[in-house]
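TrEMBL annotations:
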type    : residues                                                             : note
BINDING : A:R15, A:R37, A:D180, A:L181, A:N182, A:R186, A:T187, A:N198, A:V199 : ATP binding site
2 protein chains.
Amino acid sequence: MLSKAHPRYESLVLRDKIVKASKEGLLADSAMIAHGRGEAFDYLLGEKTTIPAKRAMYVTVALMILSKNPVISVNGNTTALAIDEIIEFAKAVDAKIEINLFYRTDKRVDKLTQLYKDHGYPEILGSNDDDIMYINEIKNPRASASKTGIYSADTILVPLEDGDRAEILSKSGKNIITIDLNPLSRTSKMSDVSIVDNVVRAIPFMTKIADDLKSQDKELLKGMIKDFDNKTNLEESLNSFKIKEDIQ
Amino acid sequence: MLSKAHPRYESLVLRDKIVKASKEGLLADSAMIAHGRGEAFDYLLGEKTTIPAKRAMYVTVALMILSKNPVISVNGNTTALAIDEIIEFAKAVDAKIEINLFYRTDKRVDKLTQLYKDHGYPEILGSNDDDIMYINEIKNPRASASKTGIYSADTILVPLEDGDRAEILSKSGKNIITIDLNPLSRTSKMSDVSIVDNVVRAIPFMTKIADDLKSQDKELLKGMIKDFDNKTNLEESLNSFKIKEDIQ
């Protein structure tokens, strides 16, 4: 049993969730390694949501509210860490959820589909191979997408996305939003909006602000989006890392 | 198949080694997550051995040469990443190797013992429960050590060590040397010498310099050790991280 008094309690709870999901076959082989990279960056960030991340989240929610077909792309890691929070956010901004795996196997897709059903979300996309199309007709598993989901979406939120896939998505003309703790990653650099934060903090924060933003004038939301510069915001996120603080 | 042209080829080769070792049952449940944290720090370090790390390695080799009973502590991750390099280094500085697992199970100890035998090193310590003693008589698995190895050692090299265990070791009065890519970790802070580098680069570097240092006057080696300040060196290591460079 973990003690709540442990200085790294929250981080260890997430680690346990990932280990458990791995044992249950929900994750790709190297998904735990990816989680570890995230842990390191979150550690350097002080495991807190920064102001630049919150700025990016306001823009994200505004974009999703204004979009015709916003889609949230999920994989094993995001599901293991925040399935209920994702479902709640999707409902708050009227977005679809699509299972989109970098290393797609039928077994993992089936397990994830079942998990979303068990959590009260049977309308998950991407669980059926017949529905698969290819973005910009690139015949590459990296470009696969569900026809009524990512393929026809105008805005996609892709938390914890692989760099190769992010590159294909960024060329699609859609609005690409990522949640990635590494501000230097290809995914962060290639997205239109990059939220440098942990998904378990970011998703509930966005659900919380969605109610307010939905009630605001659309011109206000458009203004937020217009004023946002992702490169500047990424630099501000980068400045939040504590790697150069003195060793005490 | 990985392409050697991939910008992150070396890192991906190591990742594959860890995934393979995990499938073979050599690693603890969360060992892949620990590897991922290391990947992130190495990435921020530019995946290069820094001058401060080399300084710490000269001191390490000097310490091991001057010690009566130097021991290298190994776990699943270090073994998976650098078993042959560790054996070679142990021979170069006349050190023992001891299997010391944070999450010790008979099965993992047996598999690792067999692996060292297969790689031409049957004299591995820590593979027999009868041999186990407790440092400072602390009756805690974190304090366990082989009687003729870590328990009676004057100098211990512990690559990739857990913070709890490092704390116990640091109170033992022995010289504690670590190899840890995180300069802010408890292990790095509590060790007498902290090498902020990837084990796969550090171990061969130390083997290479051992031949030269063994031929030098012992007073020179003592001087190197006396002049070394680990806190200053850690601060210099920290300054090598590129997290605050601009995003291009």
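Just so it is clear, glycine is given a Cβ too, placed from its N, Cα and C backbone atoms.
TrEMBL does not curate its annotations; it predicts them automatically.
Largest CA to CA distance in the ATP binding set (A:R15, A:R37, A:D180, A:L181, A:N182, A:R186, A:T187, A:N198, A:V199): 24 Å, whole number. Cβ contacts within 10 Å of A:N182 (ATP binding site), excluding its own Cβ and spanning all protein chains shown: 23. Cβ neighbour count for A:T187 (ATP binding site): 24 (other Cβ atoms within 10 Å of its Cβ, all protein chains included).
In this structure, A:N182 (ATP binding site) belongs to neither helix nor strand by DSSP; it is coil. Of A:R15, A:D180, A:N182, A:T187, A:V199, listed as binding-site residues, those near chain B by the criterion of a Cβ under 8 Å from one of its Cβ atoms are A:R15, A:N182.
Secondary structure from DSSP puts A:R15 (ATP binding site) in a helix.
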